[in-house]
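K.L.:
Questions regarding the structure given below will be posed in turn.
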Amino acid sequence: MTRILATGTFDILHPGHLYYLEQARKYGNELYVLVARDSTIEHKPKPIVPEKQRLEMVKALRVVDHALLGSEEDMFKPLKEVQPDIIVLGHDQVFDEKELEDKLQKRGFNTKVVRLGKPHQCTLCSSGRIIKRILERKRTEL
């Protein structure tokens, strides 16, 4: 059995998230999803939806076998539980594949890291674009 790990914030679920998880799932038979903690997100605005609610939404997706929250202290801690064979990164995730693989190896993991290519194309395949659309609509209503 090949264990796959996908990670992300998953704030305001949209078709881009589903596409990422469906593509990640193709790399193995068991898909684990690590949902980022509110306190650890630094490379973009803090999520609108609280972490426990985001986790609940991800768990409800048919493509996902297991979902868990990340660690606030050590991003590698949940990997001890999951023991992934492959980590699949989305096109826009901030990690460098080789650098992450090296860090994993130094911690005793024999995990391959792959990055998906082109993102799913749709008008609102971005939490940021969804928020922007809501704000624009709200302004026109005022």
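Every residue, even glycine, has its Cβ placed from backbone N, Cα and C.
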K.L.:
Need one residue: from ASP74, ASP85, ASP92, the one Swiss-Prot lists with THR9, PHE10, HIS14, PRO15, GLY16, HIS17 for ATP.
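P.N.:
Swiss-Prot names ASP92 for this ATP site.
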K.L.:
Counting across all protein chains present, how many other Cβ atoms fall within 10 Å of the Cβ of HIS17 (ATP binding site)?
P.N.:
24
K.L.:
Other than THR9, PHE10, HIS14, PRO15, GLY16, HIS17, ASP92 themselves, what residues in this chain have Cβ atoms within 8 Å of the centroid of the ATP site's Cβ atoms?
P.N.:
GLY8, ASP11, ILE12, LEU13, LEU18, TYR20, GLY90, CYS125, SER126, SER127
